[in-house]
Every structure is written in structure tokens, then in C-alpha cells.
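Asks: Feature list, courtesy of TrEMBL:
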| type | residues | note |
| --- | --- | --- |
| DOMAIN | 110-248 | domain 'Peptidase S54 rhomboid' |
| TRANSMEM | 34-56 | transmembrane segment |
| TRANSMEM | 119-140 | transmembrane segment |
| TRANSMEM | 147-169 | transmembrane segment |
| TRANSMEM | 175-198 | transmembrane segment |
| TRANSMEM | 205-224 | transmembrane segment |
| TRANSMEM | 230-248 | transmembrane segment |
| TRANSMEM | 274-296 | transmembrane segment |
Amino acid sequence: MASNGGEEKSRVAAGYGGGGYGYGGYEGRDDRKWWPWLVPTVIVACIAVFIVEMYVNNCPKHGSALGGCVAGFLRRFSFQPLRENPLLGPSSATLQKMGALDWNKVVHQHQGWRLISCIWLHAGLIHLVVNMLSLLFIGIRLEQQFGFVRIGAIYLLSGFGGSVLSALFLRNNYISVGASGALFGLLGSMLSELIMNWTIYSNKAAAIITLLFIIAINLAIGILPHADNFAHIGGFVTGFLLGFVLLARPQFSWMERHELPQTNQPPKYKAYQYVLWVVAFVLLLVGFVVSLVMLFKGKNGNDGCHWCHYLNCVPTSKWKCNT
């Protein structure tokens with residue numbers, strides 16, 4: 001679903017502003033458009049990792065009690081039975097072996113590296129395609145606007161933040177994989193960037209309503225079974241705060257400073273931008289410290305929040321959440 005959101009957001013970016021490539025109608029004389037190379041590299045890396053997953057999985061050799069391998073003509077790269085993995089991918093055992101997020105292994109076996117490795121793994125071909133299309137639509141435009149350093153930092157830190165929150169609420173015997181937390185971080189940074197640079201945009205109301213709608217739909221999808229909404233929420237909050245820290249734009253009058261007298265030079269940023277930067281940085285730092293301390297002390301978020309599991313999955317007559 002994030003794929004549709006990214007595509008729609010791209011149309012918003014192109015549509016509002018008549019000629020500018022920033023959403024909401026921003027078009028600055030000194031604004032630089034970067035050549036995007038990091039996002040395509042991440043996409044290629046995730047595809048390569050998935051190929052390795054299937055090579056290690058080797059369904060014909062290891063077999064499954066739930067039926068025969070899917071797409072057997074792929075031989076070693078064939079998929080687990082649909083009853084075991086409906087996303088067309090490897091077994092849970094393979095994902096664990098490759099570095100899936102597992103609360104017990106992170107906390108009790110000191111495998112904190114899984115908080116990063118799980119971002120590069122995908123549960124199946126369908127999972128991979130949806131996430132990579134989302135990254136393509138959302139990430140390319142952001143990298144064009146802000147460059148690979150800032151967008152790369154948001155992507156990785158948001159993925160890490162999503163993994164931390166997911167691990168805090170991940171129940172025993174459950175694993176989590178995927179780049180969804182990092183992708184939600186990019187969505188969150190788009191929202192905070194719009195707020196941070198509010199005064200330099202036109203058509204801002206339409207842009208923010210559209211973006212909030214996209215975010216709400218994506219989070220709503222996360223309450224379905226087999227989706228890790230805690231990773232989505234953790235990634236979104238991390239990206240939202242990072243957007244304030246990394247994506248501030250100079251005010252328009254500063255970019256036109258060469259046309260003003262030297263004695264009347266405007267400041268680069270407005271006062272509210274500095275305030276938002278400080279608040280977001282402090283919240284980000286405190287949030288990471290508190291969450292990591294709780295995680296490695298073995299705390300389980302479900303113990304102190306008995307309703308939080310509804311943020312991840314809402315049971316109905318059509319499905320159960322304990323599968």
C-alpha cells in the first residue's frame with residue numbers, strides 16, 4: 001500500500017507549484033537537484049539479498065511438511081508451499097538464519113545486529129516487489145531534492161527505529177523482516193519537511209491533507225494479520241523527527257540575499273525552524289536511548305501496555321491475530 005502512497009505523493013510533488021519539483025509549490029533559485037543513485041543501489045541490494053535468501057533456502061532439498069515447492073522449475077530457488085509462506089518466499093527458519101528480527105536472539109543471545117539485518121530481508125517475492133516499488137516512488141524524489149546523505153540517513157535510522165519498536169512488542173516465537181519501517185520513515189520525513197518549511201510553500205493545505213491521507217491508509221493496512229505495524233509506527237516516528245533535523249530549507253528571502261543590501265541580510269532560517277530542530281533532536285535522542293535500554297533489559301512492551309497489540313492487528317470475524 002505504501003507503493004500507491006508514494007506514487008500519489010509523487011504526483012502531488014509534480015502537480016503543486018507549476019514547474020517546481022517540490023510538493024506544495026516550492027521552487028527556490030538556489031535549490032539543487034541531486035542525481036539519485038543511492039535509492040537504486042538499495043533496491044538492487046535488497047533484490048540481491050532476496051536471491052541469496054532463496055539460494056540458502058533450497059526448498060527441494062529441505063522440503064516442507066505442508067506440501068511441495070512452488071515454481072519447482074526454479075529448482076533451488078523455488079518457493080516454500082503457499083500454506084507455509086503465501087508471499088512466495090523462503091521458510092521462517094531461513095529468515096532466522098539470515099538475520100530476521102527475533103526478540104529472544106536480540107535480548108538473550110546478544111545479537112543486536114539483527115536490528116539492522118532484518119531491514120534488508122524480505123519474507124517473499126510479493127513483499128519485496130511492494131516495498132521496492134514504494135521505495136522507488138518515494139525515495140527517488142526525496143533523493144533528488146535533498147541528496148543521498150540525508151535521505152540515506154533517514155532511511156537507515158528509520159529502519160533501525162522501526163526494528164527497535166518492533167522488538168519491544170514482538171512476542172516470543174515471532175520474527176519480523178522487511179524495509180517497511182524505513183519506508184514509513186521516508187513518509188514521516190515528507191510530513192515533517194512540509195511542516196518545517198511551511199512558510200515557503202503554496203497550496204500547503206492540499207499537500208498536507210493528501211499526505212496525511214496516504215499515511216493513514218498505510219497505517220490502517222498495518223492492522224491486518226502478518227503486517228508488523230510496530231515497525232511501521234517506529235519507522236514513521238523516527239523519520240518524522242529526522243525530517244525536522246535534516247530537511248530544513250532556507251527561507252526564500254535568504255536565497256534572494258544577493259539582491260538585498262549588505263546591511264539588510266536576512267537570517268538563513270526562521271526562529272520556529274530552530275525551535276523545531278532542537279525539540280526533534282532531543283526527542284529523537286531520548287527516544288532511542290530509552291527504547292534501547294528497555295529492549296536490552298529484556299522488557300516487553302506488551303507487559304506494560306495491554307492494549308498496544310491492537311495497534312499491530314485488530315481481530316475480526318474474518319481473521320485472527322495469533323497466526
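Using the three backbone atoms N, Cα and C, a Cβ is placed for every residue, glycine included.
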Asks: Return the stretch with the most CB pairs under 8 A relative to the transmembrane segment (175-198), choosing among 34-56, 119-140, 205-224, 274-296.
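Replies: Of the candidates 34-56, 119-140, 205-224, 274-296, 119-140 scores highest.
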Asks: Could you give me three numbers for the domain 'Peptidase S54 rhomboid' (110-248), the DSSP helix, strand and coil residue counts?
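Replies: So the domain 'Peptidase S54 rhomboid' (110-248) is made up of 108 helix, 2 strand, 29 coil.
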Asks: Kindly state the mean pLDDT of the domain 'Peptidase S54 rhomboid' (110-248) in the predicted structure.
Replies: 88
